[in-house]
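K.L.:
Before anything else, here's the structure in question.
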Ligand code: GLU
């Protein structure tokens, strides 16, 4: 049975890289009818951020990613917080020490620093001198109470091969691995050591994680071998880079799942976009549900070249989701934004109608809310370029008034009747229909773009439309609204 895990360190918020790793593990497990495990790697106590674990769990769940075992849901292989598994790590360190695969190192930081400098001055790569490796077993220092770390006795020759399911065979020379530390002087195991025990004890079959961990893998394989444990399969996911091939940072758009939510990106769109960061469907379909992706997902279609993160494409995808999802769901997502914008929904048209009208043009929930606003509050500002173009004629206030007069008499307030009024008025005044439409739109919405005018007036309602037209006509006449040409 396939068992995979996502093992975040609770040191911050859930970022796109982590979310992508979790997603690929989740899909791989689903595809193979296996289990997906969440394990919190909280060994580095100094870097722990309170609330981070809860935040990550919330973030993953918001994306529709769920797990079969984890600190919050339990399972047969717990505990699922690494700090609670320390006794196992200590047992294994002892085993390695007893069998001579690891040794205690008493070198002081100062000694190590000096050695490093010496090698640097000789233009040699830094490595541990092996001083304590060479101590005879009866060296009195082993009986002392001096602080020590535990180091792995890495073979000085040969190579360790990672047969990566995505990248193929990657060969590491043991020489460069150095006698790395497996237990710190405070008695805590290091990540590279604990992870081996945890993956083994949780019966993990495939370790799927970011490429930044590839250089850790030979060290982990050496530990598996020294402990005579079966080595799992490894798959390292491609890096995620910005379009300019640099590390993704704030300046390329949001990077944490929470920020995307705050910007009004739908979780459906985000998770769909993450899917494409290094994987593609057999038929290159881009928009798909998680169910569909789980059916298709396999590591064979994960690329090994870097995945390019393109915020514009994410926003585009978001707009596609906003257009096609049910209005009810979209409203549910939009409500917190509407509330934050303090729009009073008790006055004005039904949200379902206004959302339906503006969603075509919105890219994010923030956009959507902004585009809805004029239905619920009169515009306080008017697009200045628009004013220069559409309010500048002396005739404007009179034209708006005539329209208001006629519209106030309409008996049937719908698209077609509205269109007829504009057609007739344009003809009567000998002007183009656009010369009435543009000023009306600006007067009523404050903007020069938006949904079709007659659709939007139909939804805004007769009374409100007429009132706004009179108001703006007066404001122009009284020079409270002054277009600067
Ligand atoms: N805690 C590690 C990280 O957050 C996990 C690495 C692994 O998956 O082995 O990067």
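Just so you know, glycine gets a Cβ as well, placed from its N, Cα and C.
Sharing the feature lines straight out of TrEMBL:
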type	residues	note
DOMAIN	1-316	domain 'Glutamyl/glutaminyl-tRNA synthetase class Ib catalytic'
MOTIF	8-18	motif ''HIGH' region'
BINDING	250	ATP binding site
DOMAIN	330-470	domain 'Aminoacyl-tRNA synthetase class I anticodon-binding'
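Please situate the listed features within the shown structure.
P.N.:
On the 0 to 100 pLDDT scale, the domain 'Glutamyl/glutaminyl-tRNA synthetase class Ib catalytic' (1-316) averages 94 in the predicted structure.
Helix, strand and coil residue tallies for the motif ''HIGH' region' (8-18), in that order: 3 helix, 1 strand, 7 coil [DSSP].
For residue 250 (ATP binding site), the number of other Cβ atoms no farther than 10 Å from its own Cβ, over all displayed protein chains, is 9.
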K.L.:
Taking residues 6+ outside the motif ''HIGH' region' (8-18), which of them lie with a CB under 8 Å of any CB in it?
P.N.:
40-42, 44, 47-49, 52-53, 55-56, 59-60, 210, 240, 248, 255-258, 274, 277, 309
